[in-house]
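Chemist: Have a look at this one before I ask anything.
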Amino acid sequence: MILKDRNILVGVSGSIAAYKACELVRTLRKKGASVRVCMTPSAKEFVGELTFRALTENDVLSDWKDGETGLEHIFWARWADSFVIAPASANTIAKIRFGLADNFLTSVALAYDRPIVIAPAMNTKMYENPSTVENIGILKERGHILVDPSEGELACGEEGSGRLADVEDIETAILYSILPKPLKGKKVLVTAGGTREFLDPIRYISNASSGKMGYALAKISYALGGDVLLISAPTCLKKPYGVKTVDVVSAEDMYREVMNHLDDMDIVIMNAAVADFKPESYSRKKLKKAEEKPVINLEPNPDILLEIGKRKRDDQIVIGFAAESEKLIENAKDKLKRKNLDIIVANLLEVFSKEKHKGVIIFSDGRITEIPPMDKEESAYFILNKLFTKDS
Ligand SMILES: Cc1cc2nc3c(=O)[nH]c(=O)nc-3n(C[C@H](O)[C@H](O)[C@H](O)COP(=O)(O)O)c2cc1C
């Protein structure tokens with residue numbers, strides 16, 4: 001697990017969204033991280049220290065009087081691989097901007113010498129107030145990682161921006177704060193999901209791809225510093241944080257979008273399950289149930305990977321995926337060659353739509369690396385690490 005044994009310090013400040021920090025802590029623990037929580041005195045009005053002590057199985061500090069040495073703000077800042085303030089109140093954001101250290105949490109923030117992940121949560125008017133806008137702008141300029149709040153109904157009954165970002169997005173920002181940046185300055189295109197080839201307005205031919213692997217590749221490419229564009233066929237997944245997304249439906253839509261962006265890209269990761277065929281005809285009206293057995297004639301879709309292989313420049317890296325029922329290595333090697341790819345990641349059909357992934361990475365120079373069974377996010381990290389870090 002990518003977060004396994006990482007030390008994550010969660011700072012909780014006085015926002016109505018403080019209870020959501022409990023879910024964040026649980027998620028980080030489930031992912032194997034060691035978590036500590038520090039709180040502002042006013043955060044304790046919203047959630048008790050005991051809750052966080054139980055969830056983290058660690059001490060919780062909101063004041064030095066509960067520590068041992070009085071130097072805990074220094075030691076805790078040093079301990080943390082990542083420091084995330086979620087929720088960050090308007091007040092705490094303002095204090096961090098001005099370097100105030102009038103409580104334990106703001107003292108840790110001042111003693112922490114790397115980018116802090118800051119997830120604001122507040123009423124829309126507070127969030128849009130020029131003071132807050134300026135404070136957040138300056139913290140961003142200093143390199144802190146601001147996880148923008150989402151829009152929706154707020155606790156005060158108003159609608160607008162200011163809701164604490166989803167736990168999943170905050171977790172991605174934490175990964176971004178921890179992982180090295182081998183993809184910095186690189187434009188990465190990822191495709192994901194299974195295309196739909198419509199017969200009439202409501203019926204289509206598709207496949208069992210969940211999009212999980214492609215979304216994981218997009219998320220981890222972002223966390224490794226890439227400027228990521230995800231071209232996604234329909235999935236039930238939440239769009240990854242920090243990634244630009246274009247939604248498409250059919251193989252032809254995907255072909256058009258991929259070709260539009262191809263020349264701009266340094267790395268192309270083609271994970272989508274693109275339909276090889278589409279119905280020859282499309283009915284604008286819903287097809288009626290017929291007496292006779294219907295016959296669907298199919299015609300080929302554009303072969304996106306083949307086209308990319310033909311058009312790719314020498315300085316571009318193209319990674320394909322192959323799902324095979326049998327003869328995994330043999331079939332994948334053939335696809336790698338036929339489509340002029342640099343790398344192919346091959347797996348047996350059994351991982352389709354499942355939580356776990358396993359397979360092999362085959363390079364165009366003949367090297368083969370086995371991918372052990374692991375969840376799709378870890379697998380994405382394993383693959384990208386093998387390809388783009390020096391220590392692989
Ligand atoms: C019920 C209630 C809800 C609040 N919710 C928020 C909030 O979501 N965001 C925020 O910035 N301030 C909120 N405040 C105001 C802060 O709690 C207040 O500014 C406090 O001084 C923040 O202190 P801290 O930054 O040290 O935690 C709320 C106050 C109350 C009483």
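Placement of Cβ uses the backbone N, Cα and C atoms for every residue, glycine included.
This is the feature table in TrEMBL:
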type: ACT_SITE; residues: CYS156; note: active site, proton donor
type: BINDING; residues: ASP276, LYS286, PRO302, ASP303, ILE304, LEU305, PHE321, LYS335, LYS339; note: CTP binding site
type: DOMAIN; residues: 7-171; note: domain 'Flavoprotein'
type: DOMAIN; residues: 183-387; note: domain 'DNA/pantothenate metabolism flavoprotein C-terminal'
type: REGION; residues: 1-187; note: region 'Phosphopantothenoylcysteine decarboxylase'
type: REGION; residues: 188-392; note: region 'Phosphopantothenate--cysteine ligase'
Chemist: If I restrict to non-local contacts, at least six residues apart, and a C-beta distance under 8 angstroms, what lies near PHE321 (CTP binding site) in its own chain?
Modeler: MET213, MET270, ASN271, ILE344, VAL345, ALA346, ASN347
Chemist: Where's the emptiest Cβ shell within 10 Å among the recorded positions CYS156, ILE304?
Modeler: CYS156
Chemist: Can you work out the mean pLDDT of the predicted model over the domain 'DNA/pantothenate metabolism flavoprotein C-terminal' (183-387)?
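Modeler: Its mean pLDDT is 93.
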Chemist: Would you mind checking how many other C-beta atoms are within 10 angstroms of the C-beta on LYS339 (CTP binding site)?
Modeler: 21
Chemist: How far apart, in Å, are the two Cα atoms that lie farthest from each other among ASP276, LYS286, PRO302, ASP303, ILE304, LEU305, PHE321, LYS335, LYS339, the residues recorded as binding CTP?
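Modeler: Max Cα-Cα spread across the CTP binders: 38 Å.
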Chemist: Would you please pick out, from the binding-site residues ASP276, PRO302, the one with the fewest other Cβ atoms within 10 Å of its Cβ?
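Modeler: Result for the binding-site residues ASP276, PRO302: minimum number of other Cβ atoms within 10 Å at ASP276.
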Chemist: Reduced to three states, what secondary structure does DSSP give ILE304 (CTP binding site)?
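Modeler: Note: ILE304 (CTP binding site) is helical by DSSP.
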Chemist: List the Cα distance (Å, whole number) between ILE304 (CTP binding site) and the residue listed as 'active site, proton donor'.
Modeler: 49
Chemist: Measuring Cα to Cα, how far is CYS156 (active site, proton donor) from PRO302 (CTP binding site) in Å?
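Modeler: Here the two Cα atoms lie 51 Å apart.
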